[in-house]
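Novice: The structure's right below; bear with me while I get my questions together.
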Amino acid sequence: MIPTLYLNKRFLNQAILLLSGLALMLGSLTAHSQPVTFNFENVDIRVVISTVSELTGKNFVVSNKVSGKVTVISSKPLSSKEIYQVFLSVLEVHGYSAVPSGSVIKIVRSIKAKRGAIPTTGDLSGNQMVTQVVHIKNVSALKLTPILRPLMHAHGHLGAYSPTNTLIITDRANIIRKLINIIKRIDKVGNSEVDIVPLRHASAAEVVRILNFLNRSYYKGRNAKQQVRVAADARTNSVLVSGEQSARLRMRTIISHMDTPLHTGGNTHVIYLKFVKSKDLVPILKGISNTIRSKKVKGKVTTQSAKQVNIQADERTNSIIVTAPPDTFRSLKQVIDRLDIRRAQVLVEAIIAEVSVDKARELGVQWFIGNSKNGAGAATNFGGSSAGGIGNFANSVRNRQVPNLADGLNLVLGRLTGGGTSVAVLLNALRADTKTNILSTPSIVTLDNQKAEIVVGQNVPFVTGSFTNNGSGASGSNGSVNPFQTIRRQDVGITLRVTPQINHGNSIQLEIDQEVSSIRPSANSGATDIITNKRSIKTTVTVENGQVIILGGLIDTRLVQLNQKVPILGSIPLLGRLFRYKKTTKEKRNLMVFLRPVILKSKHIRNAVTNSKYQSVREQQLLLRARGAYGLKRSETPMLNKSIQNITNTPIPVDKLPQEKANIDTKRSQLKSNKVNPGTHKPVTTTNSNPASHTRKVKIKTSAKDNNTTEEYEGD
């Protein structure tokens, strides 16, 4: 008869006392593998662990945190192995795990079980915590991880080791068995392989483009596994086909039909350029084609099939006509695609600031004495700035003409007679202060690596030579004198020449030629030569995008003192001052040149810079309109539109159209007298009788409710 073990909560103490006796009997039963009915009702889990240890002969180490009541109902006798599996299930239900560790089994919480010394074994029988290493052959272990993780217990662990494409799974044995069955179904070799199809006549890129277009419509709505993928290898001019075998065969058939030689015109191609000029690209392509076609034959370099490559430019359509074999054309096409790109633009703003202060002090006395009878006389002329000297002054007074005096104070004392001796003294005093503050900000936009130049100034003529031809008449007598001069014109003003080059990291290298020139007023009014002031900077700098850099400058201070006197008389103390002339000139000049480049990378940056400049000019126009112009109404002054988008739609004031304005006035009077029904009149069109002029159209709109009139005008 099979003994039955049954414990109740009420008889817990009696059951504990009987355990020792029962252990002897069960020990014999276990040795003989006799089944035992395993039933517990609300029994402490530690009692169950002790009972299982006696029935199975296993040694357990129980954590202090293991506690709770256990109920197990068994309807038939169980062997020791079955009792142990039931015991493992009981532990799992209560959140505990049995972790083997040598000769003992640890009973710990399941959340800590995966951190313990869990055995790595291939035996997945039972329900204990184990670690299994699974090698994946055909699919990626990393891609399996998100698929398998939701199927595991919360306390389990799943990791992937990419170098060996391996999965490490820690969980209960029964769960790992399920995961391995799923992995076996996924980790299978499919029929999808890759075929490499080399081409002889067609271009791989063009074939792939056509095949992708066909595949989009052919595989629309079909299973993704049935789709085939194609890619081009430009280096070997091959097509790579990936997919199921049937799909690959279909693609290979299509490719074979496309890879056939063309009878005529197959090697001639027309390439339309987008940004680069065709005439600039042809020399580069010819040099590359010569290098490609050069081959070594028997140790010598010879050019074969030179006539097969022909490159021409069509400037009208900005296109290139290339006649070349397919392999050569593919190489040239790659070069064209790399070079035909849109170059960035650079805005270069220069700031030229010049401040100068000139001071002059001039004081002198000039004498004149002469006798009109015998023509004898003497005079002094210091400095060369008294407009011809005191002698010319005396002649002007004698002839009752306005004298030409020098700048400043001119005080004349003397006695002029028509038949005797004349004496005159001229005192000249001048103090001049000149301050100059010049600020110029020229700016220019150019392409990357493109030289640009802006000139703001005047084209001044310079005399380079003069000649005189003495002609003779038909009778041999001397003819008229024909003087003429040779003139060379030169730009005088501000000149900015710049070549930007955009480097890595938004730095810009600038080759700059900056020149500022001006005409210097001549001190001598009778001088015919023109003196120009020139300040030039020619340099190469590197600056970051949007940063300001100083190109150079000049700080110049000059002091000039001029002392002139009459010999002997000018050296007499005190009295000698009447025979002297002094002039002191002090000049101080400060010149600085700054530069700021900005890369116009995108459309938004270009629009922002353009709008900023546009609004700056419009603000100046608004300021001038507010001040008004002499003889013009404020509404008649030129004005840019508020928005740069309507820059070409500048409205024409109605006052500029006399005939149209008269028509508007007539319509107004007709509307006021109700001679015209509002809303039914037609636009009045007036045409100038001059065929070369434009036709103007004036529209008048009225509202039937309040008889308000709206005027519109159209014109070129």
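Each residue, glycine too, has its Cβ placed from N, Cα and C.
Relevant sequence annotations retrieved from TrEMBL are reproduced here:
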{"type": "COMPBIAS", "residues": "671-693", "note": "compositional bias 'Polar residues'"}
{"type": "DOMAIN", "residues": "39-107", "note": "domain 'GspD-like N0'"}
{"type": "DOMAIN", "residues": "131-188", "note": "domain 'NolW-like'"}
{"type": "DOMAIN", "residues": "195-261", "note": "domain 'NolW-like'"}
{"type": "DOMAIN", "residues": "268-345", "note": "domain 'NolW-like'"}
{"type": "DOMAIN", "residues": "429-601", "note": "domain 'Type II/III secretion system secretin-like'"}
{"type": "REGION", "residues": "664-716", "note": "region 'Disordered'"}
Novice: Please list the DSSP helix, strand and coil residue counts for the domain 'NolW-like' (131-188).
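Specialist: With helix first, then strand, then coil, the domain 'NolW-like' (131-188) has 28 helix, 17 strand, 13 coil.
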Novice: Quick one: DSSP breakdown of the domain 'GspD-like N0' (39-107) into helix, strand and coil?
Specialist: 26 helix, 23 strand, 20 coil
Novice: Can you give me the average pLDDT across the domain 'NolW-like' (131-188), rounded to a whole number?
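Specialist: Overall, the domain 'NolW-like' (131-188) comes to a mean pLDDT of 81.
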